[in-house]
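Asks: For reference, the structure I am asking about is given below.
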């Protein structure tokens with residue numbers, strides 16, 4: 001008889017829940033709920049389990065916020081809870097609450113070739129560290145290492161490191177944004193809101209007044225090639241994505257590969273392929289040769305957060321991935 005666990009991927013707006021076959025890791029019966037419709041995450045879980053008439057003893061839910069202890073307070077939502085109390089209330093034997101990019105990193109060993117698009121470099125080296133990052137509402141970062149037949153995710157808040165310009169144009173953008181917002185992190189330029197910041201800074205650098213555009217507007221105008229400022233912002237976004245990925249590669253020696261997740265890049269995939277992304281990745285001066293062979297992959301799996309939550313839980317329960 002198949003034994004299932006509950007897995008989830010929760011962001012600021014939606015909660016996506018599914019079942020994971022503990023033996024195989026297969027994800028099934030995924031359903032998305034609006035977080036605005038429920039008073040708590042526990043309430044959503046109860047609705048899901050009732051709707052699917054399933055009894056589970058174990059669960060793992062990825063959440064887009066730092067996880068530093070038993071108390072979890074979501075960054076972009078009003079939900080807050082005790083992991084221990086939620087586990088007790090649901091009657092679970094195991095309940096893991098992990099960072100969303102911990103889940104994405106744990107999905108990597110489970111991905112197949114059809115779930116990846118490669119951007120330069122050679123073949124990944126088995127046993128070497130892996131980096132994963134992705135731009136969406138924010139900029140998520142994690143690393144992954146393989147030790148004693150176990151995958152260990154190293155989460156953090158790498159998206160909030162300083163934005164490090166490496167050209168006159170990037171330095172000008174830093175100056176403009178710093179005057180507006182103070183500290184300029186990488187996330188301030190590598191995210192949906194970050195794309196807007198790039199566009200606004202480019203226009204303001206020419207002493208013009210920027211329009212009030214959304215990330216979607218900037219992307220659409222750039223792809224239609226009817227707004228030079230939007231196209232420049234998107235081009236610069238791709239280059240800076242490359243620079244940041246190269247920084248991650250240098251920091252951990254990620255010869256196991258660098259992986260890109262998140263919802264932004266797939267929206268302009270062909271543009272990204274033709275951009276200066278890989279050039280930015282390898283633009284490391286004396287260490288260009290060091291990163292030249294490191295492969296970069298775009299994850300195109302539909303639900304890496306659910307897949308990785310399942311992988312994390314299965315490993316916790318003693319399965320070898």
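Each residue, glycine too, has its Cβ placed from N, Cα and C.
Taken from Swiss-Prot, the feature ATP binding site covers 8, 9, 10, 11, 12, 13.
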Asks: In the same chain, which residues outside the set 8, 9, 10, 11, 12, 13 have their CB within 8 A of the centroid of the CB atoms that define the ATP site?
Replies: 14, 15, 16, 35, 63, 64, 100
Asks: Test of understanding: give the count of other CB atoms lying within 10 angstroms of the CB of residue 13 (ATP binding site).
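Replies: Looking across every protein chain shown, the total is 13.
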Asks: Does residue 8 (ATP binding site) have same-chain partners at least 6 apart in sequence with Cβ under 8 Å from its own Cβ, and which are they?
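Replies: Spatial neighbours, sequence-distant, of residue 8 (ATP binding site): 15, 16, 17, 18, 45, 59, 60, 61, 62, 306, 309.
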Asks: Of all the binding-site residues given, 9, 10, 11, 12, which has the fewest Cβ neighbours within 10 Å once its own Cβ is left out?
Replies: 12
Asks: In terms of DSSP three-state secondary structure, what is the assignment for residue 12 (ATP binding site)?
Replies: coil
